[in-house]
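Peer 1: Straight out of Swiss-Prot:
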type: ACT_SITE; residues: 192; note: active site, proton donor
type: ACT_SITE; residues: 400; note: active site, nucleophile
type: BINDING; residues: 45, 146, 191, 192, 331, 400, 447, 454, 455, 463; note: beta-D-glucoside binding site
type: DISULFID; residues: 211-214; note: disulfide bond
type: CARBOHYD; residues: 73; note: N-linked glycosylation site
type: CARBOHYD; residues: 77; note: N-linked glycosylation site
type: CARBOHYD; residues: 310; note: N-linked glycosylation site
type: CARBOHYD; residues: 341; note: N-linked glycosylation site
type: CARBOHYD; residues: 408; note: N-linked glycosylation site
type: SIGNAL; residues: 1-21; note: signal peptide
């Protein structure tokens, strides 16, 4: 008997005797009929084969060439090799009982040069993935853009800082609609545009690493707003293309994924309530207000003034109503209080808030492995109800929700993720409460399927419900997958 098989037997035996407290009163039947349970990933984090099979470089490939960008100096050149092992991953979804898989298409795998010559290997890969999903009754939810701009477009015209990006993104989107739209009925244009605008152009934490004082250059007072403006226009123009050319025939839907931390006032002071309002407007409202009402929030207009770009009348009309559903990526909640910091002008300082993780010495919630993530289940209820009440009661999808563990945990201990089971159970209870109170939530995607490459944290942080042995790429489902199976399939 070989060692991998012996290890697998040991894991199964220990797991069965581990007593992981998986009981829950949640079942599929406690959610509305047709509610979609799924899991999620992104191309850059799971595919690997970064410069193989015709794929061109993206801005993350270039960014990660610098030593020390990730704590473990890891890259996503190989990551968890879903490019070759997508069948294993879909099979695991089927075993759990998931209805859907949210994944992204790598722009530079389809168009290595941003546009122009098509990479047939890349096109064929996504056909294989989608076809295998459909053959196994897993619904594709496809994201067109998840952080991974083709490097050539940044080199040519600074990417999201230039209006030309709108035209190029629409051409890429149009190709995807035309090529996959007869099989894909659920689209998202862009994942977390705020994160790209802030980290790519505000503090330099993400590629292209631009900010005031950053080595590549930049202006933290203006560039985040310019990038966000072009991201919004790209989203809206892609939605218009889909609706004008494809939606009536393909009968699909299209939306956007927006990150949303819930911001709770630190005290009952009026100024802290105003600070929490500003924080929500400068994050979710930055994108969802234009999509709902056709213009930026007045809070931002008053604070940012001439640094905030304006929409033309035509652009405003194009953006307003440019989503069939809104996906919210929600993980955590913070306290905020009023605080003016004018030592420098930047997107983050424009909020005039201070973020806190405790009140009167009491933490807002238990901290996960990541120092930004606290377990605050009631935050998802407030976040969802805020979207319902402020943005005309849209159809809502929870696009991401999850918690991480240290990346150095190994087998079999890494499989015993009771803390993750507790997180999912508590957050789903609060989500169910929001649905009961009238929120039109139609789906929930757990982040993430796999222990994959976690951006600036490399492999030191793991959000997956499936452990991946990176020496063999063997997948080992964690206890949380069994919890989901019992909940979704209503098993005793």
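Glycine is no exception: its Cβ is also placed from the backbone N, Cα and C atoms.
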Peer 1: Please report how many Å separate the Cα atom of residue 45 (beta-D-glucoside binding site) from that of residue 77 (N-linked glycosylation site), as a whole number.
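Peer 2: So the Cα of residue 77 (N-linked glycosylation site) lies 9 Å away from that of residue 45 (beta-D-glucoside binding site).
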Peer 1: What is the interatomic distance between the Cα atoms of residue 341 (N-linked glycosylation site) and residue 331 (beta-D-glucoside binding site), given in whole Å?
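Peer 2: Between the alpha carbons of residue 341 (N-linked glycosylation site) and residue 331 (beta-D-glucoside binding site) there are 27 Å.
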Peer 1: Taking residue 447 (beta-D-glucoside binding site) as the reference, which of 77, 192, 211, 400 (the recorded positions) have a CA within 10 A of its CA?
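Peer 2: Cα within 10 Å of residue 447 (beta-D-glucoside binding site): 400.
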Peer 1: Around the Cβ of residue 447 (beta-D-glucoside binding site), how many other Cβ atoms lie within 10 Å? Please give the count over every shown protein chain.
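Peer 2: A count of 21.
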Peer 1: Quick one: of 45, 191, 310, 341, which of the recorded positions has the smallest count of other CB atoms within 10 A?
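Peer 2: Looking at the recorded positions 45, 191, 310, 341, the Cβ with the fewest others within 10 Å is that of 310.
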Peer 1: Reported as an integer number of Å, what is the Cα distance between residue 408 (N-linked glycosylation site) and residue 191 (beta-D-glucoside binding site)?
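Peer 2: One finds 28 Å between the Cα atoms of these residues.
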Peer 1: From the recorded positions 192, 211, 310, 400, pick the residue whose C-alpha lies nearest to the C-alpha of residue 73 (N-linked glycosylation site).
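Peer 2: Nearest in space to residue 73 (N-linked glycosylation site), counting only the recorded positions, is 211.
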Peer 1: Would you mind reading off the Cα separation of residue 310 (N-linked glycosylation site) from the residue listed as 'active site, proton donor', to the nearest angstrom?
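Peer 2: Between the alpha carbons of residue 310 (N-linked glycosylation site) and the residue listed as 'active site, proton donor' there are 21 Å.
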Peer 1: Using Cα coordinates, what distance in whole Å links residue 455 (beta-D-glucoside binding site) and residue 77 (N-linked glycosylation site)?
Peer 2: 12
Peer 1: Residue 211 (disulfide bond): which of the recorded positions 191, 192, 331, 400 is the nearest Cα neighbour?
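Peer 2: Checking each of 191, 192, 331, 400 against residue 211 (disulfide bond), the shortest Cα distance is to 192.
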Peer 1: Should any of the recorded positions 77, 192, 214, 400 have a Cα within 10 Å of the Cα of residue 331 (beta-D-glucoside binding site), which are they?
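Peer 2: Of everything listed, what lies within 10 Å of residue 331 (beta-D-glucoside binding site) (Cα to Cα) is 400.
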Peer 1: Can you figure out which of 77, 214, 400 (the recorded positions) comes closest in space to residue 191 (beta-D-glucoside binding site), comparing Cα atoms?
Peer 2: 400
Peer 1: Sequence gap of 6 or more, Cβ distance under 8 Å: name the residues on the same chain that satisfy this around residue 77 (N-linked glycosylation site), in order along the sequence.
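Peer 2: Long-range Cβ contacts: 48, 49, 50, 51, 61.
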Peer 1: Would you count the other C-beta atoms found within 10 angstroms of the C-beta of residue 211 (disulfide bond) for me?
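Peer 2: Summing over all protein chains shown, residue 211 (disulfide bond) has 24 other Cβ atoms within 10 Å.
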Peer 1: Which is it, of 331, 455: the one of these binding-site residues whose Cβ has the most other Cβ atoms within 10 Å?
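Peer 2: Of the binding-site residues 331, 455, the most buried by Cβ count within 10 Å is 331.
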